[in-house]
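Copied from TrEMBL, the annotated features are:
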DOMAIN    221-393  domain 'Helicase ATP-binding'
BINDING   CYS458, CYS461, CYS498, CYS501  Zn(2+) 1 binding site
BINDING   CYS467, CYS470, CYS485, CYS488  Zn(2+) 2 binding site
DOMAIN    493-645  domain 'Helicase C-terminal'
Amino acid sequence: MTDCFVRVALDHPLSTLFDYRCPSDGPAPVPGTLVNVPFGRREAVGLVCEVTAHSDVPPDRLRNVTSVCCSCPPLSADWLALAAFAADYYQRGLGEVALPALPQALRDASRWDRLFAREPRYRALPAGREALPDSLPVRASALRRLAAALLAEDALFASDARALHPKAVAVLDAWCETGWVEREVVDPFAAGHSAAAPVAVTNPTALPVLTDEQTAALDAISGAHGFAPFLLHGVTGSGKTEVYLRALAHLLERRPDAQALVLVPEINLTPQFEAAFRARFASLAEGAIVTLHSGLAEGERARNWLAAHTGHARIVLGTRLAVLASLPKLAVIVVDEEHDPAYKQQEGLRYSARDLAVWRAKQLDVPVVLGSATPSLESWWLAEQGRYTRLTLSRRAVADAVLPVVKLIDLEDEHRRGRASFEGLSGPLVAAMKTRLERGEQSLVFLNRRGYAPILSCDACGWVAGCPRCSAYVVLHKPERALRCHHCGWESRIPRACPDCGNVDIAPMGRGTQRIEEALAQAVPGARVLRIDADSTRRKGSAEALFSDVHAGEVDILVGTQMIAKGHDFQRVSLVGVLNADTALFSHDFRASERLFAQLMQVSGRAGRAGLPGEVLVQTRYARHALYHALTRHDYVGFATSTLAERRDAHLPPFVYQALLRAEGRTLDAALAFLQQAAAALHDIPAAERVTAYDAVPMTIVKVMHVHRAQLLIESGSRAALQATLRAWLPALRQLKGVLRWSVEVDPLDI
Ligand code: ADP
Ligand code: ZN
Ligand code: ZN
């Protein structure tokens with residue numbers, strides 16, 4: 001036998017593969033295998049992409065593979081193709097895409113042994129069930145806890161036992177000798193061991209009777225063959241989740257090995273969603289439903305990832321990163337709230353999980369369901385052209401739950417009539433909240449600005465508290481008694497007097513959630529007010545605890561940012577108040593109104609879900625604005641149609657394709673000069689003839705952490721021309737100097 005060579009992808013910006021020798025006496029890897037290799041002066045885990053009989057690298061410079069991860073089944077050719085596509089489309093190296101997509105524990109060869117170690121588990125035998133815990137000494141509380149854990153579970157894993165007590169495993173082994181317990185070692189990756197089994201959905205009589213619209217949607221999805229993209233357009237509360245559950249049940253019942261991928265925008269915010277899946281598919285084998293998101297501990301994330309990769313997990317419920325999970329039997333993909341900007345990764349590989357999900361479905365020739373009450377205009381336009389099949393749920397699913405009545409409170413008019421308002425809360429809104437309080441119903445107040453006040457300023461000299469590191473004002477946080485920069489995290493104490501003129505009368509301007517929380521407590525006496533935003537939920541798990549207070553009825557008024565708008569099925573909320581929405585109407589970002597409309601529809605959808613008539617009150621200075629008009633009529637279609645027409649006239653996405661080059665320099669001039677050279681380099685690229693380059697401009701917040709930022713937008717009516725241009729442009733950009741960092745983003749969301 002002779003040596004063979006492997007070409008390995010490593011997490012490195014160079015898009016090349018690196019050659020290594022595999023000695024003939026070791027295991028011969030196949031493509032998709034993980035290997036540990038020397039890289040520079042350290043070792044790194046890489047992914048074998050090709051196995052060849054020879055290498056062009058001179059033999060004296062070729063190094064050996066250090067070790068091969070034999071326990072982990074190789075990643076499939078489909079998965080490698082997915083990584084290669086994402087790398088090519090988003091202009092990154094293959095290794096930069098493939099390796100970060102793996103759980104951290106797999107990327108550290110020193111942890112492979114532990115990760116794949118076969119873990120013993122213990123099961124109580126009938127003799128043990130008799131004897132335990134009564135034959136234990138009364139005071140042996142640790143032993144009694146162990147016994148209780150053993151009896152409570154079908155099987156207790158050694159690591160879980162060890163977490164109860166450091167000597168637990170020795171005790172369990174002794175109990176094995178006594179005949180109380182049996183010990184078994186399962187190898188989850190052994191051939192023949194498979195969790196796959198036909199599923200019968202639990203307790204079919206308890207399922208709700210589908211509405212006609214749900215039935216039609218389900219029939220279309222279940223009847224699909226091959227690649228079939230669906231846009232499930234369903235108003236809030238129309239029972240989209242029920243359609244997903246039934247479609248999955250249908251598939252899993254027919255195909256005992258099939259896997260489903262369900263993406264949600266933020267899994268930490270949707271425990272209800274996970275609970276619904278676990279309850280519905282309770283008959284699946286243990287571990288057949290796994291979650292994948294960044295909130296998981298590393299070990300758990302690795303185990304869940306491996307469960308998906310080995311086919312043991314039948315349903316993977318995850319956030320955007322799960323779109324890159326290895327799922328060898330993937331047979332259907334669901335993207336819930338497909339319009340949500342959270343599907344866009346905003347650092348590193350800036351991918352759209354929704355777009356990759358559709359690509360993956362196409363590659364595997366399987367159906368994909370994109371669900372939303374307010375689809376992205378990109379998806380809506382594809383449905384308009386007939387490229388996606390539209391499925392509509394136009395009514396709420398629960399009998400006698402109707403969409404809430406949306407009314408505008410015209411602040412100009414309130415002002416003209418001399419009606420009183422209190423700290424930004426208009427009279428009609430306060431009155432409506434008081435009525436809810438009397439009826440024992442809940443109100444929800446939405447405003448998308450956290451902190452107490454966005455600006456602290458001095459009336460006497462015009463001083464405004466700004467961040468010393470960023471070109472941004474700092475936000476006043478009253479409970480924390482701090483000024484905080486929302487861009488870089490800089491913090492300082494609240495000054496007693498104006499640092500410029502000494503005036504002690506410095507005042508907060510504008511209102512954030514903290515200030516409204518304070519105002520609500522005064523405006524609605526007796527109400528229990530709870531604030532939910534990124535500040536009040538900083539500790540892990542605290543959001544869930546706060547939301548359960550709301551569900552338990554321990555809160556009368558909930559105030560918060562978009563965190564409270566998403567997904568929650570509040571049973572007792574009958575009023576939603578919207579404050580300060582107007583700012584987004586006149587943003588320089590052409591997507592701002594689309595986002596605002598989606599947010600307002602979504603937050604409105606929290607009202608009146610369980611048969612209580614819901615009311616939404618939107619405070620605005622622009623009561624005639626078309627967006628609000630569409631909102632009051634729940635008219636997504638009207639809004640989408642007119643906005644798409646505007647986009648078409650203005651040559652904006654989805655009618656053109658865009659990419660953004662960002663540069664960060666020590667000075668703004670350096671960043672702009674880099675972008676100007678980059679623009680000049682486009683002249684040498686033939687494909688760029690079909691591409692428009694705009695002027696390089698400073699970013700809105702031009703300075704963050706002392707770094708100056710500017711950007712250059714390019715666009716084309718042809719995706720292929722844009723892609724060809726980028727492919728030729730990047731090597732040219734790598735030759736340019738003078739900035740700290742630069743990056744290219746394809747299909748940017750925030751411009
Ligand atoms: P969406 O995701 O479309 O906002 P959900 O899936 O959260 O809506 O459903 C809203 C509520 O309607 C949930 O409480 C759900 O249990 C209920 N529901 C769904 N389908 C039906 C049905 N066919 N009959 C009765 N209730 C239903
Ligand atoms: Zn001053
Ligand atoms: Zn800052």
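Each Cβ is built from the backbone N, Cα and C atoms, and glycine gets one as well.
Known features from TrEMBL, placed on the structure.
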{"residue": "CYS458", "record": "Zn(2+) 1 binding site", "Cβ neighbours (10 Å)": "21"}
{"residue": "CYS461", "record": "Zn(2+) 1 binding site", "Cβ neighbours (10 Å)": "13"}
{"residue": "CYS467", "record": "Zn(2+) 2 binding site", "Cβ neighbours (10 Å)": "24"}
{"residue": "CYS470", "record": "Zn(2+) 2 binding site", "Cβ neighbours (10 Å)": "21"}
{"residue": "CYS485", "record": "Zn(2+) 2 binding site", "Cβ neighbours (10 Å)": "21"}
{"residue": "CYS488", "record": "Zn(2+) 2 binding site", "Cβ neighbours (10 Å)": "19"}
{"residue": "CYS498", "record": "Zn(2+) 1 binding site", "Cβ neighbours (10 Å)": "20"}
{"residue": "CYS501", "record": "Zn(2+) 1 binding site", "Cβ neighbours (10 Å)": "12"}
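Take the mean position of the Cβ atoms of CYS467, CYS470, CYS485, CYS488, the recorded Zn(2+) 2 site; other residues of that chain with a Cβ within 8 Å of it are PRO468, ARG469, ALA472, VAL474, HIS486, HIS487, GLY489, TRP490, VAL704, MET705. Under 6 Å, Cβ to nearest atom of ligand 2: this is the test, and of the binding-site residues CYS461, CYS467, CYS485, CYS488, CYS501 it is passed by CYS461, CYS501. When secondary structure is read from DSSP and collapsed to three states, CYS458 (Zn(2+) 1 binding site) falls in the strand class. Neighbours of the Zn(2+) 1 site: apart from CYS458, CYS461, CYS498, CYS501, residues of the same chain with C-beta atoms within 8 angstroms of the site's C-beta centroid are ASP459, ALA460, GLY462, TRP463, ALA497, PRO499, ASP500, GLY502, ASN503, ILE506.
Highlighted here are the binding-site residues (CYS470, CYS485, CYS488, CYS498) whose C-beta falls below 6 Å from ligand 3: CYS470, CYS485, CYS488, in sequence order.
In this model, the domain 'Helicase C-terminal' (493-645) carries an average pLDDT of 93.
When the Cα of CYS461 (Zn(2+) 1 binding site) is compared against those of the binding-site residues CYS467, CYS470, CYS485, CYS488, the shortest separation belongs to CYS467. If you take the Cα of CYS501 (Zn(2+) 1 binding site) and the Cα of CYS470 (Zn(2+) 2 binding site), they are about 23 angstrom apart, rounded to a whole number. Considering only the binding-site residues CYS467, CYS470, CYS485, CYS488, the residue whose Cα is spatially closest to the Cα of CYS498 (Zn(2+) 1 binding site) is CYS467. Geometry remark: CYS470 (Zn(2+) 2 binding site) versus CYS458 (Zn(2+) 1 binding site), CA distance 20 Å.
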